[in-house]
């Protein structure tokens, strides 16, 4: 800030200069004087704008107040007139009451009018005079005289300095500076004029300060007293009316009783008269129905079925304008909708849902008919009467067809029906999850409102508070009222109220319970929900510094740990920050980039959490790639759906100038291209279905008693963790959505068979094996049932088993090659087979870190299905798909060891010493490794031998 001079300093310096010009230092303070004037001008300009807005507001209050007074006066006049009418009509008690309220309102109106006038006189007039007087004009007008004096002073001093320097130069000397004392006498006139203008300016500023400060506050004090008088006088008027109001209440009760008695007598008389005229009314009603045959009927007349339900052609439509002209329009009827084209081609056609319309004939014109929609009536005219009848029949037939489809459903929409059934099953299981039987916030029973971005259920009262927080905190949907897509249930299936509150309510104070109950009011709910979700006041905090938070976020995404991710969210980590991943695919990746490039069928909910709770879905890597670019590079349509639902930008280009759509077209990823095209045209449905391993719990209703006795059933409390069965395909052909959906709901469409159908397909979305080579000779055919979880096995204790080396990580990212437009592609190129994968640890839980190193990058290539939700590292394109990582299983009581057993499920060996077999294979038991694993070989194939899990077979009686 430049140096300035205060008023007291200016006065002292000017006095000193006036007494001793040659000894004064005023010449050195002139620049400070100018800085002071400039600063004062800035402040005055700001004050001028604020005072102008204040004046404008006061004026608006005055205008609206006078309008209010006028309306009050009209209301008073109406009360007075109505009371007078009551007095004249033998209702003196009611009339006097209305007149009292008229007088009371008139008194309050007069007081309010006086208050408005006082505000105008006390505040508005002084402000107006100040703005039109001292503060009139624009910025800089007030200091113009000062600026002129400054300019004259500077011109004179520059001229004198130049003359002094030239004089010294003539005498052979060089002068760089001229002291103030040397030119004090020559500059006295200009200096005095400068001081005078500065003094005048400060005087004006002082006056303005008084008027906009002290004087304005004095006026506000006067207005305060006027307000006090208004409220005191109003209170006196209220107190004077109180006794009359109390008496009036008693009188009104008496009058009401008398009127009720009159009403009772009239009702009795009406009933007597009705019973006498009952027969005549029935006959009259029958005649009326005959006369009103052309009126509206709930059941519309049936159309001629010969004309069908679809039609295209031209009709004349009467315009809505003043002229009411007939305009020729192209019309089409199809699938329960009437489409009416406009006269101009660039306008989209109007589309009417016939279920909300009514077709009526026009009695005046035989070739005209009316279509009554919910908001207007369309008048149509056909070429002739026969054409009119055809159009009306088609409209009625199409409406009837749409109505039947709405009530009965369409048998041809198998995929949609499967999605609906799957959604219902998911919602049912979500409601059965631990803690989901009560509201997550207040404990009210049977919550039906879902926060899709947090995966919790709340009651309707708490859901209203969630909506007030905004969608960046909680996105509420109704499980019963809204039509949900499976994508909106991902987090609900994986989090739930119990797991969420274990983190977000970990630090609730026990001595002072703050959590609301079902009977709490909305204020208590709002205070608690705001503290819980916005401030995260009660959440468990594990990390304080930013580096530790980002590291925990990175680990949660790598290990596919949803509760670890929720913990990072509770710690307050920025989900869009660059994560500390030294060996990422591209520099400056975010957690969303990492989640997208390492996603599989079991970890889509990790991506969904990041998509819904990140403030920015368009963060770019060092090479300009967004998460959408990653999806299109790997043909990851499921993640693409989640990002498009979250409104991620599809226009951003990477460093190569390619948008996600450009990449999808170049790599011929048709599904991604179709989704992006839908988003560009605004046709993308946010309630979208996604392919995901839901692992629903279903009852085996159709099993025989023999099957139940014969099988070794897995423990019921472990069914949630059971891995799904799978099968391999010999080619890289993509599977249709209907197949994928049927896989997810196999138990719904196949008489509630056990578990799922095949659940791991060669779909690029989840890392397809794109090798063109056929499967191995021991590839497993599809299984109709799901296998129970594999028991833990310590393979290291077998002396014949050697631990295989770890898999070789790919160092050359396939994505770099995909980023560059290639001249030719050879999908059938053979690849060397890496060493087999390491064995699974003896026991692993879902949320614990995996034993294998998770710091290795997961290449953004079309990869095989990972071994489980926690597994990481790429799989070779030549290797068989592995099932998800099995969960440890409690040992069950087994029968005496037989010699021969039969396989219940398909099983693919994870280790070289294990046996691969298919459902129905007979296995000869050679020995027992432990209680859960036996040794044996396939009957008739002694070369196929190894360890197998007991829970995958059943006994064959000798």
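One-based numbering along the chain as shown.
Cβ coordinates are placed from backbone N, Cα and C, and glycine is handled just like the others.
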With Swiss-Prot as the source, which of 659-680, 681-702, 703-724 is set down as region 'Disordered'?
703-724
Which range of 231-258, 259-286, 315-342 is coiled coil in Swiss-Prot? It is 259-286
I'd like to know the mean pLDDT over the domain 'Arf-GAP' (424-546).
92
Taking DSSP helix as H, G and I and strand as E and B, the domain 'Arf-GAP' (424-546) has 51 helix, 11 strand, 61 coil
